[in-house]
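Remarks on the structure that follows.
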Amino acid sequence: MSPKTETKASVGFKAGVKDYKLTYYTPDYETKDTDILAAFRVTPQPGVPPEEAGAAVAAESSTGTWTTVWTDGLTSLDRYKGRCYHIEPVAGEEDQYIAYVAYPLDLFEEGSVTNMFTSIVGNVFGFKALRALRLEDLRIPTAYVKTFQGPPHGIQVERDKLNKYGRPLLGCTIKPKLGLSAKNYGRAVYECLRGGLDFTKDDENVNSQPFMRWRDRFLFCAEALYKAQAETGEIKGHYLNATAGTCEEMMKRAVFARELGVPIVMHDYLTGGFTANTTLAHYCRDNGLLLHIHRAMHAVIDRQKNHGIHFRVLAKALRMSGGDHIHAGTVVGKLEGERDITLGFVDLLRDDFIQKDRSRGIYFTQDWVSMPGVLPVASGGIHVWHMPALTEIFGDDSVLQFGGGTLGHPWGNAPGAVANRVALEACVQARNEGRDLAREGNEIIREACKWSPELAAACEVWKEIKFEFKAVDTLDIL
């Protein structure tokens, strides 16, 4: 290098490492309506100040890297950088902080959940200066929301398609989840739908295995639901899982489902990926298919309180990517889910405008600007004794899904479906009459048993079954 070049470089660019907080911690910054806002739970390594940790998150998830680079001078970092604009300690937790970060909208590709997550959570979670990091919530600005199609149809359109109003929808996951032949699988589907359920479902890991190839399953399930429809006069559906090893194969399965004339298909959106999910959601809107979403693998990401991504963020991402149903926990069943937290993200799925409410874990006000809503699905370890609580907790705009709670009935699949339908109708009628489901739930179910032997048998089988474990992911002390 010539002396002349050295002089010019030293004037325009100073190499070396500097603290992130000098550039990316900006407590005086006023957030813009177009910013994506993030709330991170940050646990710094010993000796790392919280301001430096928060700034590091902002830097590494936007324009920064570990050292100064001369190409910084070729762009406007002030325009494009993420900013940590506020930090607060977490009450009752040692060395944990909530760091609020604002990202300029120009950092993100329009209509791409994949790109949004690649930026915000793609690399920073392995950063050595942090012991742990969790993305608690995102505020998606309306300008960005409007770049997404969202759910293929939404709650009201689904009800109109099914001609079912004024109650939760009822479903059942076919069990055993693996090992049945396609014909026996279709038989179970028919019996459950004939007994009074609205939907039956492929389990999340039912794809196209040697014991039951996808095309055979689709054909037998279509035959089952058409037969049940003809006999009951109700529109029925089975969630045909289109998840596959490639996007091309996934779309081939969705096209075949449409050709069969069935109303709904299914996708495992986390294992399948957001790009595949958005592709399928667009196809479903264009071709009149409803889309059921399973959240398989979510607990790997969201269950630990100090590290990962909270499910409320994954729920928002799903609403943007597209899905008409998504599993959302039960509060009362076998799967993780504290009541206030669950109801917080249920509102984020269904409602058009949700106010900030830290008592339910909602860090930001969210405006969906008329994007269709998503039906939450309660599924996992629930049975007829849970029906009053589920109806009271989730309300009409939900899907209550009983797998073992249908197929485990001592008299068979169809009586199991009858028991669930009778229990639901009894709870809805009692609620509409002004009775308190939370206080009188067991009494309401016992009264219904008097005129439904199927329900009475189910109540006897599951009268002692409870899943009483403390939730791992709980709300912070405010």
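Note that Cβ sites are derived from N, Cα and C of the backbone, with glycine treated the same way.
Annotated substrate-binding residues in Swiss-Prot are ASN123, THR173, LYS177, ARG295, SER379, and among HIS325, HIS327, HIS409 the one listed with them is HIS327. With the fewest other C-beta atoms within 10 Å around its C-beta, LYS175 stands out among the recorded positions LYS175, LYS201, HIS294. Excluding LYS201, ASP203, GLU204, which define the Mg(2+) site, the same chain contributes THR173, ILE174, LYS177, ASP202, ASN205, VAL206, TYR239, ASN241, MET266, HIS294 within 8 Å (Cβ to the Cβ centroid), listed in sequence order. Every protein chain shown contributes to the tally, and the Cβ of ASN123 (substrate binding site) ends up with 12 other Cβ atoms within 10 Å. Of all Cβ atoms in the shown protein chains, 23 besides its own fall within 10 Å of the Cβ of ARG295 (substrate binding site).
Using a 10 Å Cα-Cα cut-off around ARG295 (substrate binding site), the recorded positions LYS175, LYS201, ASP203, GLU204 reduce to GLU204.
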